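Asker: I have a structure I would like to understand better, so I am pasting it below and will then ask my questions one at a time.
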Amino acid sequence: MAGLQLVTPASSPMGPFFGLPWQQEAIHDNIYTPRKYQVELLEAALEHNTIVCLNTGSGKTFIAVLLIKELSHQIRGENGKRTVFLVNAASSVAQQASTVRTHSDLQVGDYMSEDMTSWPEEMWNREMIENQVLVMTCHIFLHVLKNGVLPLSKINLLVFDECHLAITGHPYREIMKICEGCPSCPRILGLTASILNGKCDPCDLEEKIQNLEKILQSNAETATDLVVLDRYASQPREEVLDCGQYQDQSGLSERLLNELDEALNFLNDCNLSVHREDRDPTFISKQVLNDCRAVLTVLGPWCADKAAGIMVRELQKYIKHEQEELNRKFLLFTDTILRKIHALCEEHFSPASLDLKFVTPKVIRLLEILHEYKPFERQQFESVEWYNNRNQDNYVSWSDSEDDDEDEEAEAKEKTEANFPSPFTNILCGIIFVERRYTAVVLNRLIKEAGKQDPELAYISSNFITGHSIGKNQPRNKQMEVEFRKQEEVLRKFRAHETNLLIATSIVEEGVDIPKCNLVVRFDLPTEYRSYVQSKGRARAPVSNYIMLADSERTKTFQEDLKTYKAIEKILRNKCSKSAECNDFELEPVTDDDNVLPPYVLRSEDGGPRVTMNTAIGHVNRYCARLPSDPFTHLAPKCKTVEMNTGGYRSTLFLPINSPLRVPVTGPVMNCARLAEKAVALLCCEKLHKIGELDDHLMPVGKETVKYEEELDLHDEEETSVPGRPGSTKRRQCSPKAIPECLRGCYPVPEQPCYLYVIGMVLTTPLPDELNFRRRKLYPPEDTTRCFGILTAKPIPRIPHFPVYTRSGEVTISIELQKSGFSLSAEQLELITRLHQYIFSHILRLEKPALEFKPVEADSAYCVLPLNIVEDSNTLDLDFKFMEDIEKSEARIGIPNTQYTKQNPFIFKLEDYQDAVIIPRYRNFDQPHRFYVADVYTDLTPLSKFPSPEYETFAEYYKTKYNLDLSNVNQPLLDVDHTSSRLNLLTPRHLNQKGKALPLSSAEKRKAKWESLQNKQILVPELCAIHPIPASLWRKAVCLPSILYRLHCLLTAEELRSQTAIDAGVGAQTLPPDFRYPNLDFGWKKSIDSKSFISCPSACMEEDDDHCKLGTSSDSNHTAPESCSMEVSQPPEGAPNTPDEKLETLTLPVTDLNKDCFPNLPNGTQADSDDLPHRSDVCQCSQLGPLERDLSTQTTTSVSVRPSPAGEPQPWPSDECTGRSSDLCDPHVKKPTSKHCPKSETATSTPAPSETSSEDCRSACAGPAWDSPKTLGPNPGLILQALTLSNASDGFNLERLEMLGDSFLKHAITTYLFCTYPDAHEGRLSYMRSKKVSNCNLYRLGKKKGLPSRMVVSIFDPPVNWLPPGYVVNQDKSSTDKWDSDENKDLANGKASDDEDEDDDDEPEEAEVEPSKEDVNVEDDLEYYYEHIRFIDSMLIGSGAFGKKISLQPTDPGYEWKAPKKAHNSHFSPDGGADEFDYSSWDAMCYLDPSKAGEEDDFVVGFWNPSEENCGTDIGKQSISYDLHTEQCIADKSIADCVEALLGCYLTSCGERAAQLFLCSLGLKVLPPEKQSSGGSAELQYGWLKIPPRCMFEHPDAERTLNHLISGFLNFESKINYTFKNKAYLLQAFTHASYHYNTITDCYQRLEFLGDAILDYLITKHLYEDPRQHSPGVLTDLRSALVNNTIFASLAVKYDYHKYFKAVSPELFHVIDDFVQFQLEKNEMQGMDSELRRSEEDEEKEEDIEVPKAMGDIFESLAGAIYMDSGMSLETVWQVYYPMMRPLIEKFSANVPRSPVRELLEMEPETAKFSPAERTYDGKVRVTVEVVGKGKFKGVGRSYRIAKSAAARRALRSLKANQPQVQNN
């Protein structure tokens, strides 16, 4: 082996760093990274007449089109010249013309028919005027020239397609003759692909080229792809090794040859006459034996034996399937021969082990070469593993720049590694080329065998690939498909370096994507030039060897061939533009030039970083490679070297246009070209370092090492023991629940001034009839004067009125100051305190062991007490008399034990029972049930017939069951209702969270049920005690927890608002005295039916969102907004309030309405004036139309505004509103809805609130009403919405606001970064942006701002997680309420459950009338189930019985609900455990998942796994223990969401500037700070962003260059209807990074970064404000459907952006070309996905068309350009873009597209599984999705994401085809 000196990477002078074959692109160290050859050809063509010799047709068009575009400024305008494109055949005219049309906006004429030669001159003149580019056949052009129609002087460019024809006598020749005589001859471009065919003689070749050059007066530039490889890569070392003859000592080889030759002769002699169409019967046999013989001669007997074994197996298959007897005999004959060979071999060697005596010298030589590549010890195999693990993803999304920022960090890590030497240095990456398939297969076996026997070769992991079936166009059968797959797997492994040696047939020579190899062995010599060059070109690693193995007899002849090849190569290389000088010095040894110029040294110490002459070029290349670019562009520096007259050389270096160093760098004069290039690179490194583009190690600065540290205010990571990544959903932390300052420590003190507030309650929307199943009478709270008040020592700020939903309908609550400054005595206060405790402990039964009443210590302590009208003053005051009466009553706590006897019978007094709560005295003594008297049945007595057959009469029932005797058998009976156990009245029971009615079990059934006596609870007055608290007050008491909770939340929000007013200067710190925000409402009305609103969008804006949807009015008018719509129907005060009031009332003038409804509200009037106009009234009025319609069919109250589907009862709107929140999953569960609705629902619900907001937004922009609040800040209701998570199941949540905030945040930060760092390129900007908008950062800021404790995280469930005022959590006992302890939990809930059970009559026995327990007392069936479930759940929660499905769906299976997979964020803090969640636990924890629910009602079911989702911490599996009453547990990500939602809230209420100030106050800089003026307050003032000053570089004749570059853009401006004031922005928006001719502006990347955020914000804002009030789920889907590259690219093509696009990138050109063709055929927009389908039928081609990201980018960059050009006006951008996007927005809003992947996962959540990516042989990615039981589907694309969605699309198509019933939503 001595003769062979291989330079393996480790021994290379460049050091191990360059040996890594996988450095994705090797970086050259002493030549500038070469650019794509097409680019260089274009450059040449721009400089002089050129003949382009290319191998492919496509490359030629690219060069021709780009050249035409580059010179197009000469052909536009009045006396522009014309460009002529000549083709040889008429058939190619149309094709070339259409390519030019596609890629430019020039007018193209095509002329091909012979009769055009007879056209009169004026026709030609007209054509010349109309068209700028003329594509014609050479004959027509010749005619035109001869007739002088178009003089040559009017032509700027003449393109000859297939110009080699000019050598023969062809019209081209004559055309050129005419040109020769002409002084002003046009520029000439010749295109040819056929200069080299097969073997040709170098002399002929040279002559042919010279001849052509002469005729066309051009220089031939063969960047044929043939040389290109050489020219670029460092040349591999070529060796021809003569291996000598095989010495056949044993004679085995000879015997085998004889056998085979004899057999072959026999086959050849059988001259069977075969019909032409029949198969030759000996064909297979000959083929097999020839292959075997070839293996024998090339590899030797050992391999021939292996080959024979393989062949025998293959023959068996043929024999089995062969029908023809004769053919079969030949196959059997062959089989015998092969077996004979095997037998002969066995005599000489054992087939098991490899014996080198029986292989040829070539094989031995090959093994010796492989020995040389053995890695050093330390990195045997793990190195490969290490490598694979490191780079795994590189192979997948190697270029998918669209991946989100999430991956950026990961990527960064990877890149840095790639720049430094890896831990192992000498790894083989080699290919062995052989001629035949069998040679490859067997050689692979041999190498594997050798590896087993020779430890030195153990490092080799080889595989083979054969070209069989890789042909793209052959029909593929199953088996080929399998083969094909195998090959791809082989290639994948080779690319991933899992295998390091590939044995291949010529297939791998061209067109297959494989890594750069450092060893290429031609086992069989190349037979033609192309094969030589292609295989040599595979050795592209910087240190590589190209070894050709020859036998002695062929060595001589081959040496000759090799000379020929080298000569051809040389000729071609000389024709290669600019290549000559590179090669000369590439080959000479690296001399030490370092002393020519001193190195640039950073620090003088030894080994300090330095750049020397020799390393400078490498540094520049490496820098360029790190600039941002897309998969198609490899940025490289451009160096021009000129010879000076003085004799030296000077180079000028141009960096890619997106580098901040834009000025060309000119180097010193040196005495040779190579030194000049090195010197200029050295200078360039110095400049790059000085401007901060190279770091102090002189490596390119990554985007991470930003020089803008201040931007990334690096915060110390907080230390917490909490596991999980900060900012993620997985990490949860506890925080105390906030208590508003005004409620802290405000317990009244004797003799100190107090404030008394009245809790006003007005029924604004009575319950509609259809929901009033029991036909209960409604009890408007305003009918009785006694009510509750709040007594406190501190004033309470004004807050919006808000609704609660009782059994009577929607009640609007107001908190009004009644009197202040008075004081009370100690006795009075004690009485009040006792009564306060009595309300919470006895009436509401909220006291439990964990809570103690200690008003003085409690965090929030104020008194709740009864008020009544004082004598006749008509003013409310404290009702001391009533309090004293209660104290005295015996029924106050227990059950009085009055005994009635026959002597002292019971006497019935009707008036005692009119407004009474009664207690049965004969059961449940510890916690007696309390009932409202609903009706007195005077026609029934205890002797009436008992409803069920077991008992005759009621008296008998009581006697039998309880042994009770009645003293009065004539008393009437009482129909009673349970007092309410539902204490969460925040949202209505009958609606889901979206404000849609829940499907009810049919109304008729229910009515029937409640009307029959059987289903009523009937009690006997004598057996009951009357409670001292009247029913009317009791009903109000039930509302207290909800009212106080809502009050508390609104005050927290108000506090946040005034805090922000101080911090950010947005809004007023204190409100004007008479100001009140509009009511809180859920905005459902609006959304109820979008249609009604479309007419009046502004109508609904409510500003404060949540609250006031309708009521935007700022007054408190209690029109509860929600109620608004209903309100309409509500009669003026005097009218009887019965539900069936008919429509007329609707017509009331709105204003009165408001007044009437609240006649006595103090501030009822003010608002009307100003906001009504745009508030409810619109809704009201405009709604009348629709309302009327609806109403007529239903009773008024039900105004819900959406025509109800028949039979479905209308919900009461009011409820409606709330309902949303509750969205109960199961339709039936009425009651729970509100309270319990599973969190998830909430999620669904989200829409509501947000809806509201959207409106606001609009209003914000719009109406007058805004002025007032705008200056005050957002309505606390809206802030509350932003603080409410969907898990809280309230009537609103932050999701819609969050989406709006999210897009505004992105926009604000983007604009700030863009303006503040005019020099940072897009990669850096997006890195800074991703850091600032990351959830982790937002979470930090939100936490600093104190949001976690103010957020509303879990569902409000008074018995479980609400702390009544004046109570404290008793530490010792509190464990009972900790989330972790289960038993107590049960306790807690269990207990709750009883009282909750509103209807629970535990003892069915006494069903008074109840045959079936449930019927009886279920307030609504649901209520009952629900309670029940709750109870069960509470038990379950501890027991782990989660997997079971408890299905409670008595009715309506159609409404299936499915559960989600998300923890509803903080689900409520785990706490709620029991109760809380129970609801959801319905389906054993099934819960709705908003994220999945696509449309309103389809929810998705998943299973909730408490350990994960809920406890939040699943990480350490430890559960977080915390107190439910005073703490809440929140996922970090929810805090980040809340920050975005608050931003959305400020944005909609106060406008963009306020939102920016709000961000600055959080600590996110989005405005430049200003030095405050002396007079100003101390806090920081923020200025306005300034547009970056320069968009054009200093350049001698910038203006002229600009006009030259944008010639033709006028048409574009008129197309988009916007004229740029500064055209440089326009040019920049269309300049791709590869377009180096633009020397005056940057490329579009920065503008794209800006435009992307602007369009995202504008589109999101538009969708948010859509009157249809899309739900959050729909909003998300619409946003992703509209804001994505596919849509943008499609629109860009539709509006011709591609015709003005400036790029020099051949691959990009082709992708755009394909895409444009595709769009033209489709001619309609596509949804969601980046890979629009090509055509539905061609199933075989599972690849989708690729969407050129650059097209989407320029669509965005133009938006950025307009924004900057218009002085940062979003309106201007939207005026230009809305018309383009409108059709799509409308189309998608009507039918929301979902991404195929998501749709598939929703359709088959359990069964669809995506495979990891595989690489296909041409470098694309393939993904397979398996839908278990329904098949596997594959998709292919340039990135994993694209391939994945292609696979999903195929799967969907197939699934939908097979089951038509899959509804396509």
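Each residue, glycine too, has its Cβ placed from N, Cα and C.
Because the structure is a prediction, the values reported are computed rather than measured.
The domain 'Helicase ATP-binding' annotation in Swiss-Prot covers 41-213 and rests on sequence analysis. Look at Swiss-Prot and you will find 397-417, 713-732, 1111-1142, 1190-1259, 1373-1417 tagged as region 'Disordered'. Annotation comment: Swiss-Prot describes 400-411, 1394-1409 as compositional bias 'Acidic residues'. Taken from Swiss-Prot, the feature compositional bias 'Polar residues' applies to 1111-1128, 1192-1201. If you look up Swiss-Prot, you'll see 1240-1252 marked as compositional bias 'Low complexity'. Per Swiss-Prot, the feature compositional bias 'Basic and acidic residues' maps to 1374-1388. The feature domain 'RNase III 2' is assigned by Swiss-Prot to 1609-1767, with sequence analysis given as support. Sequence annotations record features per position, and here Swiss-Prot assigns Mg(2+) 2 binding site to Glu1648, Asp1753, Glu1756. Per Swiss-Prot, the feature site 'Important for activity' maps to Lys1749; the stated evidence is similarity to another entry.
How buried are the listed features, and what sits near them?
Answerer: Secondary structure from DSSP puts Asp1753 (Mg(2+) 2 binding site) in a helix.
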Asker: To see if you understand the setup: which same-chain residues, six or more apart in sequence, place their Cβ under 8 Å from that of Glu1648 (Mg(2+) 2 binding site)?
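Answerer: When sequence neighbours closer than 6 are ignored, Glu1648 (Mg(2+) 2 binding site) has Glu1322, Asp1753, Ile1754, Glu1756, Ser1757, Gly1760 within Cβ distance under 8 Å.
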Asker: Among Asp1753, Glu1756, all listed as binding-site residues, which has the most CB atoms within 10 Å of its CB?
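Answerer: Answer by Cβ density within 10 Å: Asp1753.
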Asker: Across the whole of the domain 'RNase III 2' (1609-1767), what does the mean pLDDT come to? Round it, please.
Answerer: 84
Asker: Within 10 Å of the Cβ of Lys1749 (site 'Important for activity'), how many other Cβ atoms are there?
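Answerer: Lys1749 (site 'Important for activity'): 24 neighbouring Cβ atoms within 10 Å.
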Asker: For the recorded Mg(2+) 2 site, whose residues are Glu1648, Asp1753, Glu1756, find every other residue on that chain with a C-beta no more than 8 angstroms from the centre of their C-beta atoms, and list them by sequence position.
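Answerer: Residues close to the Mg(2+) 2 site, other than Glu1648, Asp1753, Glu1756: Tyr1644, Gln1645, Leu1647, Phe1649, Gly1651, Asp1652, Phe1688, Gly1752, Ile1754, Phe1755, Ser1757, Gly1760.
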Asker: Reduce the DSSP letter at Glu1648 (Mg(2+) 2 binding site) to three states and note it down.
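Answerer: DSSP assigns Glu1648 (Mg(2+) 2 binding site) to helix.
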